[in-house]
Every structure is written in C-alpha cells, then in structure tokens.
Amino acid sequence: MTNLLEDLSFRGLIQQMTDEEGLNKQLNEEKIRLYSGFDPTADSLHIGHLLPILTLRRFQLAGHHPIALVGGATGLIGDPSGKKAERTLNTQDIVVEWSQKIKNQLSRFLDFEAGENPAVIANNFDWIGKLSIIEFLRDVGKNFGINYMLAKDTVSSRIETGISYTEFSYMILQSYDFLNLYREKNCKLQIGGSDQWGNITAGLELIRKSEEEGAKAFGLTIPLVTKADGTKFGKTEGGAIWLDKEKTSPYEFYQFWINTDDRDVVKYLKYFTFLSKEEIEAYAEKTETAPEKREAQKRLAEEVTVLVHGREALEQAVHISQALFSGNIKELSAQDVKVGFKDVPSFEKDRSEELSLVDVLVESKLSPSKRQAREDIQNGAVYINGERQTDIGHLLTAEDRIEDQFTVLRRGKKKYFLITY
C-alpha cells in the first residue's frame, strides 16, 4: 500500500474502494488526476463538504492533481442520494451564482498555483450544457439498463415514495462527468461520500463500456461523518455549520469544534486535520488520561478554524471564548459582542432613554416580575457586561455600554440578553 493510502487508512477515510490493488499500483507508478464533485444546492458549502475537500488536498500534498468539479448542470437536476423526497429545483441564475461562490470557497483549500500539480476547477455545465437530448439518449443513456439503475440504493430507496425521471437520470449525468473527465483530463479516480458509491460505480461502468478494453479508472468513497451521541454531524440548534463566515461566524465555527464529544475527538483529528499519526496518538492518550483538560478539542478547533477562516479569525474566536468563559465581557470590542451574542435575545433602546435595571430585567423576560427582579439583583444573580450589580435602583448609563453600542445582561449562569443602541 502506498504511503498515501496507508495514511488514508489510518485516518479511517476509506469506506469502499474499487480494485484496491490496481489503484495502489497506479498511485505508485504515476501522479494521477482525480476529482470530487460539489453540487451548488446552497450559496455556501458546509462542514459536511470538508471531508471530500480535505481528501483532495491530501492527494495534492502527495503530488497528485486534484480536480474540484462544481455541478453547474447537475445542481439544476438534484441528486436523490440520501433524500427521502424530491428536491425543489432552483433556477439557472441562482445555480450560476451559487456555483461561483462555491468555486471561491474551494480555492481556500486547494492550491491552484502549485508549480507541478496545481488544482483545477471545472464546471460540468461546460459539457452537459452542450449535450443535446438525442446525444444524451443515444451515446450515454443506451449504456444503462433500467434494472441496473433500479438496483442502486439511491433509486431503490425512493421507489416507494416516488422519484421523477429528472432525479432518476442524475446517476447517468454524474457518470457522464466521470467519462468526460477521463477522456479530456485523463482523470482516473473519483472520490465521494459513502452515499455516492452507486453513482461512482455507474461512472466506472460507463467508462468500461465506452472506452477501449483495459481503460483504468477507480472509485473511492469516504465515510459518512457520525457522532457518538447519535445526532447529525454538522447541525446545531441554530442550523447547519457553514464555511461562509457570513452564515456561520468564526466564533460559532470554533465553538462547534470545541464542543466535540470525547468519544469523537480523536476520530475528527484524523478526519479534519493534517496532524501526524504520532501527534494524534498523543492527543488520544491525553483524552484518555485527562479528558477534563480538553486538549484534543482545543487543538481540533484551532486547526480547523485556521484552515477554514485563517489565523486572525481564530484569534478573535479564542478571545471571545475566553472573555465569555471568564465573564470579562468588558474586554470585548463591539464587533466581538456582535459576533459572540448573535443568537442571544435582544431589543434596541435609544441612548437618551432612562433605563432602570429592574424595568429592563422584566422587559427582557430575564425576570418574570419587578419583585423577582429586585430579589435577583439583591441576591447577586444579575450581571452587567460580566460585572455583578447589586443596586436595585441602578440606572443604565453610558458606562454600562460597550463602545456605546451594546449592554450585555446576564441573570444566573446562562441567561443572557443584549441591549443594542
């Protein structure tokens, strides 16, 4: 086994592989071209896309030539894989716009200027968009038997609930991508999530039927990322964790990784970082012997946040996290508060308005009544910008505002409210 496949195996990144011996031989003999596809089903990639992206990067670091394929055409159709119902089709204008955004995001992870093996971005609309219906049916469709397609999980799982011809044909279009890249770019390997196995093997079958005998192409799937507690990876109460900082702030992104379960953290270090085997094994031991220190989680959060958002964003995320943990909220800038308290309930007040702390506690619903608000203050349960306030007659002034824009109220340990001005 090549060093690359050994590393992927150590990291648990190989779910299934076609012709392991043949692929191993191919990787030993030459630096190959490989691809993974990303359909623009939203205006940003999310952390579920990180695994195939980083796997492409691992191949590039080993000297191979990655192709990131944006599905400008297949994104108009919709992949039935893993879906229980028909997707809502997006307009071409939206798919074009999203394709460009995804292309920009991919450029953060792959080196498009590497001297000997630069990554390449392709868009399957460039060839599928030119394909006439006659060409599609005669040259591509004739290679697929209905029984063969019905046997694939992506189709068979939808027979009961129903599947349109549009989504039924997705497998054929993705197969045509592989054939086109094989012919035009000499691309010999497709990588995808475990739910793509049926589509990948269909592409290999199309290459086998369409090309001369002895055509060499391979498929490799990576595992579905799971969580030990059974909840869906990449989702929080606030929704998906996106790679776009406007949709998921670097602070929220960092916090997602910091909160990784001890049972998952070593697996995620293998999946999502480029730490060596020795470093990962050292963190595994630390998690075993001193889990309360959460050293592995901190390193995981640092590595992935830098990878996706850069060093400066990591430093801001760490600063906000430390300030919130210690209660030193006054140390934060207005921008930090805006990021760190994005999902906290809030209302807006005029700076000239006289605000009684008791009234604000009731209006914000931190306290159910004025009587309870006074008790909360007297009992030391109320904090303004992290500092305890015990004066029941306190009026909020400019001194209670962070950069004259925000006041952060807290009752007890976890109930926050944000006043904006």
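For all residues, glycine too, the Cβ spot is worked out from N, Cα and C.
According to DSSP, Tyr35 (L-tyrosine binding site) is assigned to a strand segment. What Swiss-Prot records for Tyr35, Tyr170, Gln174 is L-tyrosine binding site.
Sequence-distant contacts of the motif ''HIGH' region' (40-49) (same chain, six or more residues past either end, CB-CB distance under 8 Å): 70-72, 75, 78, 87, 90, 95, 97-99, 101-102, 105-106, 225, 233-234, 240-244, 247, 256. Marked as motif ''HIGH' region' by Swiss-Prot: 40-49.
Across the residues of the motif ''KMSKS' region' (232-236), the predicted structure has a mean pLDDT of 79. The annotation motif ''KMSKS' region' is assigned in Swiss-Prot to 232-236.
Annotation comment: Swiss-Prot describes Lys235 as ATP binding site. Secondary structure at Lys235 (ATP binding site), as computed by DSSP, is strand. Here the Cβ of Lys235 (ATP binding site) has 15 other Cβ atoms within 10 Å, regardless of which shown protein chain they belong to.
As annotated by Swiss-Prot, domain 'S4 RNA-binding' applies to 355-421.
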Could you round the CA separation between Tyr170 (L-tyrosine binding site) and Lys235 (ATP binding site) to a whole angstrom and send it over? 26
Please report, as numbers and ranges, the same-chain residues at least 6 past the borders of the motif ''KMSKS' region' (232-236) whose CB is under 8 Å from any CB of it. 46-48, 225-226, 256
Rounded Cα distance in angstrom between Lys235 (ATP binding site) and Tyr35 (L-tyrosine binding site) is 26
Name the secondary structure element type, per DSSP in three states, that contains Tyr170 (L-tyrosine binding site). helix
